[in-house]
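Before any comments, here is the structure.
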Amino acid sequence: MIYLSYAIVASIVVFLSIKAAKYVDLLDKITSLSGAFIGGILLSTVTSLPELLTSISATVWLDNPGLSLGNILGSNLFNLAILSALILFGINSFKKSKISKSHFMITIFLCLIYIVIVLNMFNILNFEVLTINFTSLLILILYGFGLKEMVNDNSDNKSIEVNEVAASIDLTLKQIIIRFIFTSVGLVVFSVLITYITDIISTRLNLGTGFAGALFLGIATSLPEVTSCISLAKIGNFNIAVGNILGSNIFNFLVLFIADVIYMKGNIYLFNDPKTVNLLICGAIGTPLMLFLLKGKKNFTHIISSIGIITCYLLFLIL
């Protein structure tokens, strides 16, 4: 029965994610808002709320901070692998897309966050400032820089007049916004529900907290990002798709800061599960490859970088 519930709720999440991607694509076409803002902030915040609520539940209610860290690291690596696969199979469409400059900067900030967490693992940055881990404070600062980049990014330079495009769309801007809001609320509700169902499944399968968080909860909470990203890639809007994944990943790291502030019983950066360590290492290798993927101009660079990121995720599953 629990597996049937998972299938039903997952189907609803997929449906709502496709709808959310559709409305975001319409907003991108009929407003002057940049792709960095729409994908990196608007859509990514909605699709990342399950990670936030799940991590808070793991740390505060379940008193299991290890599950929170595994969830975030697993979700981020899975997101990168899916984006890389989409780019690999839609490489011609990706090359034609104009990728916002802030997406490259966000990837740099993500690399820096991985470095910070690795240093924490080696106890170099593993100390507290006013009950908050110094690593969490650095993550907050880097997220702030990333947010500023996305808000100020106007590199799209949309050449088609907004009114001209709006005339070819049946829905008004108000209708699109209202539908996007209702879809987002439903998406968050069912995404949170699916994380609780996967937590029950992982408990029944008696898996370690780091592994459960990475494989089951990580994939479950990434379902909105992945589905919306696939939908956007199908219609050729890789700029919003990339922004959604990278924006979600950096927001996910902000979740660690929030969980650290709320959790008062100890350290949330626990690396006693080997799978969590593997996740961190694979993510720290895969994220810099995304830099080459976004900046590369040749198919060879795109292909090698994509395969490298996907390999990182597969290595985590094998090791």
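In case you wondered, yes, glycine gets a Cβ from its N, Cα and C as well.
Just so it is clear, the model here is predicted, and its values are computed rather than measured.
In terms of DSSP helix, strand and coil, the domain 'Sodium/calcium exchanger membrane region' (5-145) has 117 helix, 4 strand, 20 coil. The domain 'Sodium/calcium exchanger membrane region' annotation in TrEMBL covers 5-145 (among others).
The feature transmembrane segment is assigned by TrEMBL to 6-24 (among others).
Taken from TrEMBL, the feature transmembrane segment covers 36-62 (among others).
According to TrEMBL, the feature transmembrane segment maps to 68-91 (among others).
The list of residues near the transmembrane segment (103-124) in space but at least 6 beyond its ends in sequence, with Cβ under 8 angstroms from a Cβ of it, reads 36, 40, 133, 135, 138-139, 142-143, 145-146, 149-150, 239, 242-243, 246-247, 249-250, 253, 269, 271, 277, 280-281, 283-284, 287-288, 290-291, 294-295. Feature annotation from TrEMBL assigns transmembrane segment to 103-124 (among others).
Annotated transmembrane segment per TrEMBL: 130-147 (among others), in sequence order.
The transmembrane segment feature in TrEMBL is assigned to 176-198 (among others).
If you look up TrEMBL, you'll see 177-318 (among others) marked as domain 'Sodium/calcium exchanger membrane region'. Residue counts for the domain 'Sodium/calcium exchanger membrane region' (177-318) by DSSP state, with H, G and I taken as helix and E and B as strand, are 121 helix, 0 strand, 21 coil.
Residues or ranges marked as transmembrane segment in TrEMBL: 210-233 (among others).
Here TrEMBL flags 245-264 (among others) as transmembrane segment.
Beyond its flanks by at least six residues, the transmembrane segment (276-293) meets 66, 69-70, 73-74, 76-77, 80-81, 83-84, 87, 104, 107-108, 110-111, 114-115, 117-118, 121, 210, 213-214, 246, 270, 301-302, 304-306, 308-309, 312-313, 315-316, 319 of its own chain at Cβ-Cβ distances under 8 Å. Feature annotation from TrEMBL assigns transmembrane segment to 276-293 (among others).
The transmembrane segment feature in TrEMBL is assigned to 300-318 (among others).
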Distant-in-sequence neighbours of the transmembrane segment (68-91), which means Cβ under 8 A and at least six residues beyond its ends: 51, 54-56, 58-59, 209-215, 217-219, 221-222, 225-226, 229-230, 233, 236, 238, 241-242, 245, 248-249, 252-253, 255-256, 259, 268-270, 273, 275-276, 279-280, 282-283, 286-287, 290, 293, 299, 302-303, 305-307, 309-310, 312-313, 316
Cβ pairs under 8 Å between the transmembrane segment (176-198) and the transmembrane segment (6-24), at least three: yes
Other parts of the chain folded back onto the transmembrane segment (245-264), taken as Cβ under 8 Å at six or more residues beyond its ends: 39-41, 43-45, 47-48, 51-52, 55-56, 58-60, 65, 68-69, 72, 75-76, 79-80, 82-83, 103, 106-107, 109-110, 113, 131-133, 136-137, 139-140, 142-143, 146, 150, 225, 229, 290
Interface-richest range of 36-62, 130-147, 300-318 toward the transmembrane segment (6-24), CB pairs under 8 Å: 36-62
Residues of the parent chain within Cβ reach of the transmembrane segment (300-318), under 8 Å, 6 or more residues beyond its termini: 77-78, 80-81, 84-85, 87-88, 91, 94-95, 214-215, 275, 278-279, 282-283, 285-286, 289-290, 292-293
